[in-house]
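Structure, as structure tokens:
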Amino acid sequence: MRGGAWARLVTALMLLVQGKCQQAQECSPGGHRILQSPYRSVHFDSVYLQYSAVQDLICDHSLSPGWYRFLIFDRPAEMPTKCVEMNHCGTQAPIWLSLSDSEALPLPGEMKKLTACATWQFLFSTEKDCCLFQIPVSVRNCGDFFVYLLQPTQGCMGYCAEAISDVKLHTCGPGETENEGGCVGQLSMAQPPAPPAPPGRPKISVELLGSLVFCRCTFDVSPTNTSVGFLIAWSRLSSQEIKEELRQESTLQAFSLLELDGINLRLGDTIFCSAAVFYLEKPDVQSIAVESQEFFAGIKLKPELDTISEDGKEYQLKIESTIPIVCSEFSELDQGCKISLKLKTIEQGKEHLGLNLALSSCHVDLHQNSCANGICSQAVLYYTAVTDFSRDGDRVTDIIVEPIVNDVFLWDRYAPDSIQIKVKDVPSAYCYSFTDPHIITFDGRVYDNFKTGTFVLYKSMSRDFEIHVRQWNCGSLHYSVSCNCGFVAKEEGDIVTFDMCSGQLHESPSYLFVKNQESSSSNIRITESYLGRKITIWFSSGAFIRADLSEWGMSITLRVPSLDYRSTLGLCGTFDENPENDFHDKNGIKIDHDDNYIAFINEWRLQPGRSMFDKVPASSRFPAKPSYCSCWLGTAMHHLLSHHLDSRSHLEMASGCKGIKHLQFSSLIPDLDITSEYINSEALAGKLSPHVPREENNLNFLLQKNAHPNLSKLDLNLPHPGNKILNPPAYLSDERHTQDQEMRKSLQNRWKRQNVKDFHPVYIFQSLGQGNLEEFSYFFPEDHTEDSQPEFAPSWPTASGLTEFSVLAICQQTLANSSIGRLCLPFLGRTLNHVVDMCVKDVLLKDDVNWAEGGVALLENECERRVLEDGKRNVEENRKTVEGILEVLKCPNLCSGHGECMGWGCVCSPGYSSYDCSHSYGMQML
């Protein structure tokens, strides 16, 4: 057959085929209907529709029987011939066209009867069934497109479609390859199309759909004239900080959802999503993938600072959930929808050093709320470093959250990540004003203040805390020297006056008055040691002032907390670890001229009528201080030393949230809490309740007091303050064992130097008003003496014949060879030498060896301080030394060999008394 005839035959056959197609009614525009919902795309994840737009779900159970053609975004589409995943194509059970190995799609003009399948996966099943349901479908190839004879489904199923190219639906020729239904071989040599513009950076958010939580990845897309799809990938960080892919999908929507199911994606995961754009016509042509910022799914603890100091400052701890709170249907309505968190603190390091960090609460609730700016629920609490008055170095504390117990599977047993807080150790400081007085500043500088009058011992520049002291002439036979006779201490609304300056030397009782200016409760604590020889006033900041009483007056010990570091003025110096600038003026500027210490003392001497002895400062309101908890997840006490040094019971702390102040009050010297004797309801009612001396330290007395004192607990929520008379320490004789009537009678002579009407003791227990306080004012002549430092040059031997060598031997024996001096020598160091030098000077000036014992109290206080500061470290090395120190602090001089050391102190043998059993009945005590 000739070539021309062959060509005419082929043309005729083609026209015949086309004629048959044109004759098929279903191929004509009016012979079929169009299904063009983009949700029918095999790339569309329909989970979102099930929870947010259920009305848009594809359900073909109401589809009218007939011929249909598929379009997606006005582009040709056809039913897929491969199994489609469940929850795609805008429905739960997607329907696809199943072709057996022997089956193929019809050629142009042909029609075939085929089978469609619906995919389904049963609950708790790990495998899907691609052909659980079968539906007969007829397919006609109309040349440029397919049409399908469809019928309604049995349930909420939907017919799927996938986009194809505009290329004719015919078998590709030699050298051509099919791509989404099109022949592209002839384009292989052409310039490849430019990739689409990349999307904007994806953002991950969360949303609650019903009772399920989904992560949503969204991004912006540049406008385009070409149909595009999106390739979205989800990944998370593994425990080894390596990204691992969770899921990848192609979709027509500029978002993707991933369920936070607690199995594949869990709370505590760090999640990423990436997105790329591709052409629907050419899926292999893609933009670069753009990845989101990391998204943390869970609860985070966000501290204001992760390194803080022992300075009393408070810091905010935010607890934030990036995931909405989900509650089960069984949740109690009256409890609300919330997640409850229990917080604990764990101290790092092997040494058992006690509480380091306190929280305002050990329990916090996260309530259900709407999400905003990435936060779905938030709670705030506070943390602060515990001022422990120990040189324990910088320490690290973990704040952990116990695993959550919840009915919702997603939240149950979830434990948010812990955080670490480093606490920098800041020193506390002690100042001593003893006997003459000799003053040892906070930074260790030693000087003498022989002046009389009223002085500013201490003033904080960072808070409302100030102490004034009075010094009177304390009876030297040859020289004019002074001693402390009283103090007034004020911390915010609490004012304490301890005063024996109103009477005569050796005769004046002590007057203790407590006032709170702003509320019915006071934040102080008063303790007594050694049967009244030591009186300590504890303040809520951790500061204390201690008076060691004697017949000539009192020696004063002052401790201030680390929050006053580099913020102090007054006779006690600057507290900045630099003794060179301790002599300063009222502006804190160092005094440099030759007589700097004289000028320094004059700078802090108060004019008559200007001190807190004369007038109580005006009342001020102070903000309420938040309470704090010990959330310490610690162990029970396992060292003897810890039992004595820790300010609170570790067992008590470990039991949960125990209310504490953000500082630790510690005392190694056994004390008795006598706060209620000075701050109680009887004082408010104006009832007389005299303080009974405790010199009668017989066995019955100790048994009544129930032995061992509580060295740890400080109840700072006390009743309204009152005031009382505190008798001076007893210099025991038989006549001291008298009745209350004789003691009260002795009170009548105590205001011998007052310049107002005679004192009546009942006034002390009446109103706390300003007028009453002014009524108690007295004339203090030392405020009106000439402002000059006594100049004298004492020499050896003294008038009574005491030599320097003999006095030094007495001081060495009294102090260095005392039980406290010997046992505490490793802790005291050169302080012992300072105290011995003070002793020698005291005896020289007074020409009286009885003054040698004045330094024992300083050794006791300094020893207690050193052990508290340093004793917690090297516990095993210091164990025996500290045990001995604790014994002599409890029973001074080991009861002088005339008594038995018990839990509270010395129980004296018959015929002996005093706190150390050193006094024999009938012997006048020196």
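Keep in mind that glycine also has a Cβ here, set from the backbone N, Cα and C atoms.
The disulfide partner of Cys483, as annotated in Swiss-Prot and taken from the candidates Cys474, Cys501, is Cys474. Per Swiss-Prot, the residue from Cys327, Cys337, Cys572 that shares a disulphide bond with Cys431 is Cys572.
Taken residue by residue with DSSP, Cys483 (disulfide bond) is part of a strand. Taking a C-beta cut-off of under 8 Å and a sequence gap of six or more, Cys572 (disulfide bond) has these contacts in its own chain: Cys431, Ser433, Ile439, Thr441, Phe442, Leu457, Tyr458, Leu558. Non-local contacts of Cys474 (disulfide bond) by the CB criterion (under 8 A, 6+ apart in sequence, same chain) comprise Asp436, Val481, Ser482, Cys483, Cys485, Leu505, Trp552, Gly553. Each residue in the domain 'VWFD' (429-612) has a pLDDT score, and their mean in this model is 91. Look at Cys431 (disulfide bond): DSSP puts it in a strand.
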